[in-house]
Amino acid sequence: MEKWSLMAITVLLALTVRWTVSLGSYSGAGKPPMYGDYEAQRHWQEVTYNLPIRQWYFNTSDNNLLYWGLDYPPLTAYHSFLCAYIAKLINPDWIALHTSRGYESQPHKLFMRTTVFVADLLVYIPAVILYCFSLKETSTKKKASICCVALCILLYPGLILIDHGHFQYPLSLGFALWGVLYLSYDWDLLGSVAFCLALNYKQMELYHSLPFFCYLLGKCFKKGLKGKGLVLLTKIAGTVAVSFALCWLPFCTDMEQIMQVLRRLFPIDRGLFEACMFSSPPPHCKLANIWCTLSVLIKIKNVVSPQTQLKLSFAVTFLSLLPTCIKLTVQPSLRGFKFALVSCALSFFLFSFQVHEKSILLVSVPVCLIINEIPFMATWFLLVSTFSMLPLLLKDGLLLAYVVTTLAFLSASVASFSIFEKTSAEDLQLKPFSLSLKGYVSWFKSFPKIVRSLFLLSVTLMGVLSLMSAAVPPPQRLPDLFPVSVSIISCLHFLLFLVYFNVVTLWDSKNSRSQKKIS
């Protein structure tokens, strides 16, 4: 009973923080003509409730795709319809066709915030709790340790600020987390269903698709493709096919419907930076991936054609994640799977096509899952990931919430894991790598001190730049100085983290030992 009492207190604290953040501003509040993501979610409710399914993804007189047209998979549309059905019962004006555009009122804000809160409470938070209970003992006080891990995951500021501040639903990440949880219990079919739901809610879950695929394929190889492995592979393939068929069934009336949905999900003709087409300042100024950072020096859009951009980003992304995927397939383990989720998602974020600044959450949630294994580096990454979204958060008026939630998360991590005491090569999972360099690198003896100094320098830099972005007007000749600085500094951090996570994954000897359980 004690562990459940501690967990209940943890969840109550997390819910209180979420609700407090939700009382503030949201994306695009009072900013016509496009408003923001809040209006996009409301508009999708308007469209899905008032129009037949065959018109949801098509440009018509009643559905102007240039005004927040649906560009997510069917499960998002179904969820919008469900919310719209409830909204209709409360106040039909909220989703009235055409006349509800840009609708803003306190009752409607309460309704919309509540829908996010409920989604969090029903999908994401239960997955986090059960995941934490599934972890092995991480300290001499298991009950306290489990609750500490849960507290740090649930207090991660990036997800709170985007979901309950900016405005977004946590369902795709929640479904993906359920998939990880099911796979940790060897419930491979349920894990496949959960990830299919995640992918059919948001196509950005493709960031996690290769680790899921490689891990399950590796398990089938280990069991033998002439025996149990072939049976498992057949079951998984059938489960995935049925899951997708059920999600897409209403759109399978003709091929044009399917193709139109796919065109909306993957608008490759729009270019490398289109994901933030309605943002201000220009998207390249506030996105911490490699292409946007390089565009500060080289105007990629003016030099390279859209098709070449697509091929280049695909090639670099594929090559950057290939080593991790090969190792996960050859040596499948749950630990390797979780680290692969991080490194592959980070590769997608840094190098892939049409990335949004919020996509860093697809990296951050898997990092949360390994915070008990590498608390120092996980905490550092999660702080940087939140910082990388600073221009978006400032635009939404979330400065105070950003500062408070970031300090709360850092305090929780320091108190829970004593992160400054866990900076040795062994604590950072770098001992196998350091042994391979024995005789070549002498500074590993002072490694903990170097890492702590870099962390403090990084946090100080992020703090100063956050303060300047909020309080200091930029030079007239360089109006985007602070957003560009945030994106470049964050990108450099992420590149170093990508190297780190790949080193940990590729040199990890624990994977080969833990795969015996799979065999």
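Counting begins at 1 with the first residue displayed.
Even glycines carry a Cβ here, placed using N, Cα and C.
Taken straight from TrEMBL:
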- 1-24: signal peptide (SIGNAL)
- 110-132: transmembrane segment (TRANSMEM)
- 144-162: transmembrane segment (TRANSMEM)
- 182-201: transmembrane segment (TRANSMEM)
- 229-251: transmembrane segment (TRANSMEM)
- 336-353: transmembrane segment (TRANSMEM)
- 360-387: transmembrane segment (TRANSMEM)
- 399-420: transmembrane segment (TRANSMEM)
- 454-472: transmembrane segment (TRANSMEM)
- 484-507: transmembrane segment (TRANSMEM)
> Counting Cβ pairs under 8 Å that sit 6 or more residues apart, are there three or more between the transmembrane segment (360-387) and the transmembrane segment (229-251)?
Replying inline: no
> Is it the case that the transmembrane segment (182-201) and the transmembrane segment (144-162) have 3 or more CB pairs under 8 Å, with pairs at least 6 apart in sequence?
Replying inline: no
>> Checking distant contacts: for the transmembrane segment (399-420), what same-chain residues at least six beyond its ends satisfy Cβ-Cβ under 8 A?
In response: 17, 21, 24, 148-149, 151-152, 155-157, 160-161, 165, 371-372, 375-376, 379, 382-383, 386, 390, 393, 452, 466, 470
> So which of 144-162, 336-353, 454-472 is most in touch with the transmembrane segment (484-507), counting Cβ pairs under 8 Å?
Replying inline: 336-353
>> I need to check the long-range neighbours of the transmembrane segment (144-162): which residues 6 or more away from its ends have a CB within less than 8 Å of a CB in the stretch?
In response: 3, 6-7, 9-11, 13-14, 17-18, 21, 125, 128-129, 132-133, 135, 137-138, 168, 170, 173, 358, 360-361, 364-365, 368-369, 371-372, 379, 382, 385-386, 389, 393, 398, 401-402, 405-406, 408-409, 412-413, 415-417
> Near the signal peptide (1-24), which residues from the same chain, at least 6 beyond its ends, have a CB less than 8 A from one of its CBs?
Replying inline: 113, 116-117, 120-121, 125, 129, 132, 143-144, 146-147, 150-151, 154-155, 160-161, 163-165, 397-398, 400-401, 405, 408
